[in-house]
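What TrEMBL records for this protein:
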ACT_SITE  E396  active site, proton acceptor
BINDING   H395, H399, E418  Zn(2+) binding site
DOMAIN    72-288  domain 'Aminopeptidase N-like N-terminal'
DOMAIN    323-540  domain 'Peptidase M1 membrane alanine aminopeptidase'
DOMAIN    616-929  domain 'ERAP1-like C-terminal'
SITE      Y481  site 'Transition state stabilizer'
Amino acid sequence: MLLLLSRQVSLSLVRQVTHRSLISLSKTVFLKLRATTLSIRRCTVSVNATSQHLVTMPERRPFVRLPTDVYPVNYGLCLKPDLIDFTFEGKLEAAVEVRQGTNQIVMNCADIDIITASFAPEGGEGECVILVLVHDLAHVKGFYNNIHNPFFFVHLEINATGFNYQNEDEKVTLSFPSALQKGLGTLKIDFVGELNDKMKGFYRSKYATPSGEIRYAAVTQFEATDARRAFPCWDEPAIKATFDITLIVPKDRVALSNMNVIDRKPYPEDDSLVEVKFATTPIMSTYLVAIVIGEYDFVEGQTSDGVTVRVYTPVGKAEQGKFALEVATKTLPFYKDYFSVPYPLPKIDLIAIADFAAGAMENWGLVTYRETALLIDPKNSCASSRQWVALVVGHELAHQWFGNLVTMEWWTHLWLNEGFASWIEYLCVDHCFPEYDIWTQFVSADYTRALDLDALDNSHPIEVNVGHPSEVDEIFDAISYSKGASVIRMLHNYIGDEDFRKGMNAYLLKFQHKNASTEDLWDCLEQASGKPIAAVMNSWTKQMGFPIIVVDQEQVWWFPLRHSRINVCMIGEDCPSWMIPISICTSEDPSCSKIKVLLDQPESAVTIPNLGPDKWVKINPGTIGFYRIQYSSAMLESLLPGIRDLTLLPVDRLGLQNDLFSLSRAGMISTVEVLKLMEAFENEPNYTVWSDLSCNLGVLSSLLSYTDFHEEIQEFIRNLFTPIGLKLGWDSKPGEGHLDALLRGLVLGKLGKAGHKATLDEARRRFKQHVEGKQILPADLRSPVYLTVLKHGDSSTLDTMLKLHKQADMQEEKNRIERVLGAISAPELIQRVLTFALSDEVRPQDTVSVIGGVAGSSKQGRKAAWKFVKDNWEELHNRYQGGFLISRLIKLTVDGFAIDKMAAEVKSFFESHHAPAAERTVQQCCENILLNAAWLKRDAEDIHQYLVQRKVPPV
């Protein structure tokens, strides 16, 4: 499953350590690297002083996994949804194995009413002679003969005598009058349920027909633990079975499931319905079952090895599925070749769902998507949307092997699914679209996001022990996805591609159609590479946080050559230890690692031979190792020319700046030093580098909105971005490509929001022409223009934007408008936007981004958004029912506060308004608020002085 994880920048304070004085780098030779931790488990005194504001996580709820005395082999499942009354009827005939005699069957069940349940042992359909006690007769079907004779011929189908629902644990216990004996049998259950509006389980999704009529589709979303809301089942990933699915649906609707249709015939009880049967699935977990019933068009293609691929779209929009079809038909053969394992199903469908909480879901053979994650309009979709669709398709199709064919044993190993898919989606997109420079974008989108979150005391290890279902949603976050992807990227680099692929092939073949744990993957990769994979990776997956590598240099002469020696040691009390793959490059060849070492001891030393005095040294080329680096001031100074003349690779220019920004947030260096470094990027041409600069300046701008010199940071932004803005201009030029389009939109949006007058004037002119229909804005310019005119607009601007939203036929355009509405400045207009967020004009999953847009646009917006969330908490919490959207809403709303007392207010609110799936998020937000406040107190005056002084002309 792919979540919509935006880049959230956090900060932390590190353990105070005493650094030896750093030695000048005027003549390079002796490097000392010291690894320490970034706010792991303990904070500095300044954080402890305000610890009373932090939320204490409640104790884990007691939880026991399902007993294994009865185990499913095959689910024969028939569902009959009512798309008018929003209910469904279900019949389950499950072939089961009774492994140990019992008079109870415990299953998962939630929001379902069981009508009848019975059990028949294998062969029970015929006649056999058994001894039946008289008081049991009422529970045995089909008995006859003389009741005075203790021996009866019976049809063995035993009715359950009771259904005991354990609602908190989402279980039901079926009780039988006598013990079910070991062996095979059939469990039959008739049940009913509701097609809910919570975007989980078996739910209804609202859509409009081309004529404007409102109708509903019936769709499923089962990960993590919501198959139990559609049918009683053993809803744990390790309890796999095959599925034979039948759907009874209106004859004018499309009916889809994991497998291909094998029969479609009229339903005898109602001639308006048809009965659709699907082929038997491979053995698989319940969370991967999928059903969709609605009205759709499709485009179809085949992969080079004959797999049928269809992309289902809303009616009349089949053309918008062609890009995803192109990506999918390239991606399946790529994964087949990479894993050396064929795709095991005869078909795969990709379908756009109107109401959908996640980004997409990897159901085997039927992958469901938000419309914006699948549909591309050739004329009205922007470059970033095309890239997003390519990444999401790559992510979900990777799961067809890694997650579906081989499945995690339990949710503790969720990261194995999501981290791997979040890494290999980039490998796939790089293969299909090398012009995207996607690996550089990975560093900004995933690697730095993971470091930001993992810097907090309230982070968590990649592997988290999960028990109760309410705990599962908490770990669908940037640690499982982005840190997971980052450490796999580091591991891939450490092993090498050839051995990595060998290990992956061995893993998939050994565990196909089974379940596996993290250790199983390490074993296969260790055997393939001969390297200590488990020892290395356990230090990254079983503890939270990451090391900081502190680097300094001194000159050493070993006649007749200069050499550089690197010493490494861990410092700090109770400091966790990591096995750290370290790479080093020099200015002689910035693209090639001169030395690679595995730092597996508290202290280590390596030598770089024959290094000239005018050469610089760069740790972590490619920004692959999952750690931060703090250079001595002299070493940092020597790297600045590599930024200005672009000899440092883009990914390393980005990494250097991002490390410094993080260290300034942690209080290890002054924020002024980062601002000085940013000014070295005046000649920067790379989109992703600018994107990361923009993000960090956005964080700083938000922080300084709590001062009286906010305008000064806006001027700094205008000065930094104006040269690249003038160079790019407003209109695309011949020969430009994907990254140029992304860069132009980024820069113009940044300048417009910061109040650059020429940009504002041109945005208003183009917006007017667009609204009047004289010259429609190119898709890549719409977001920056909309943002700019709203930021500096009035009520008529907002009216116009809401009208454009209502008129938009494409969900991408609606979302584009929704994300920027919060930029409006006037308090009464902010309230209009917030009210709009909960209206029927906004799809339920998109309400979060509208409120988040308000909170992220200004100090006033954040305050208003927080009040709105509190005032409407019952409705919002009920809407999202504790899923990950509620965590996202909380984070977007409060994470940017920078006043100590707000941490206490947030804590107090959630102590009385429980949100079990967001408990960790609340902790992280409270911590971030305190750290924002500490950062502001520590650096605000120095930042102010620097911004004022740089405006003074030199004497």
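In case you wondered, yes, glycine gets a Cβ from its N, Cα and C as well.
Owing to the predicted nature of the structure, the values given are computational and were not obtained by experimental measurement.
Take the CB of Y481 (site 'Transition state stabilizer') and look out to 10 A: across all protein chains shown you find 27 other CB atoms. For the domain 'Aminopeptidase N-like N-terminal' (72-288), the mean pLDDT of the prediction comes to 88. Counted within 10 Å of its Cβ, the other Cβ atoms near E396 (active site, proton acceptor) come to 29, all protein chains included.
For H395 (Zn(2+) binding site), other Cβ atoms within 10 Å of its Cβ number 29.
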